[in-house]
Amino acid sequence: MELTGVTSQSIFDDNAADLKLSWVAGLEGADRAFDVEFAREATSAADLVGHLNLIHPNRIQVLGKPEITYYQRLDDETRKRQMGELILLEPPFLVIADGMEPPPDLELRCTRSSTPLFTTPVSSAAVIDHLRLYLSRISAPRVTMHGVFLDILGMGVLIMGESGLGKSELGLELISRGHGLVADDAVDFVRLGPDFIEGRCPPLLQNLLEVRGLGLLDIKTIFGETAVRRKMKIKLVVQLVRRNDGEFERLPLDSQYLDVLGLPIHMVKIQVAAGRNLAVLVEAAVRNTILRLRGIDTLRDFMDRQRAAMQADAVSRGQGRLL
């Protein structure tokens, strides 16, 4: 996993409010980060944070009530040895959860070694879940793509095409028909799971749509709160192409896909020409995609019917010749 620039300070700043964190020791270790080799070999955020574990000392160590109780039962020599081994390998930081007070000797050792020590009243399980989700988000593969990203009938749809084809105008018409804007011009996509890519709008462009001749439109102000969305999962790409595009296939037999962060996203191509109602075509493409996701393929059904009709006709002709 890629965690460049992620430090104890940045994790604390991003999660202090949600987890009610207090920094009680090791302030000098604010720049401490994950071991580079350890982070590279981690397959998921579950490898980066967990309950106290001396076998995996390089991860974020969370100590709840059971761990503190266990620690307090140890004799002084065992405490010193085990914590010494843990601190020596420089975990990013330690978290004392469940509202427990940090043992004085552990707090002193963290201070001397510049190991950040946080406390929180939140349960240890909740802390681990929250930090795993946080680390998954900041380390996830991401890309910025050009287009208009919309919520159409509950489906995340990215409208793409070369400049001047009317992507923003089409987006504006779809918004006026009750659909929602996620982002215009630049869309930030993050792969958060094996089959889950989330799209968001960069903060600078939030709620804005640029239309030639009109300039920047604040969609939230013009159409209201329900006309914008914070994020959506991408499920469909609509590629606008010019009428004279020789590569356009009228009835594609095989589904078309666009690779986004290593995940194939279903794509349809729509020709742009005078008199064509693109908004209706996009809505129809979305409805058809919903049917495909449910296992209903209209083109395949038609081909099966055609094949059955041809076979029946061939049988009928053969029987006629026999007579």
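Backbone N, Cα and C atoms are what each Cβ position is placed from, and that goes for glycine too.
Within the set 43-48, 67-72, 271-276, 283-288, the record from Swiss-Prot flags 271-276 under the feature region 'Important for the catalytic mechanism of dephosphorylation'.
Between the active-site residues H146, K167, K167 has the most other Cβ atoms inside 10 Å of its own Cβ, all protein chains included. Within the region 'Important for the catalytic mechanism of dephosphorylation' (271-276), the DSSP-based counts of helix, strand and coil residues read 0 helix, 2 strand, 4 coil. Ranked by how many other Cβ atoms sit within 10 Å of their Cβ, the binding-site residues S163, S168 place S163 at the bottom. In this model, the region 'Important for the catalytic mechanism of dephosphorylation' (271-276) carries an average pLDDT of 84.
Summarising the environment of G164 (ATP binding site), the number of other Cβ atoms within 10 Å of its Cβ, over all protein chains shown, is 9.
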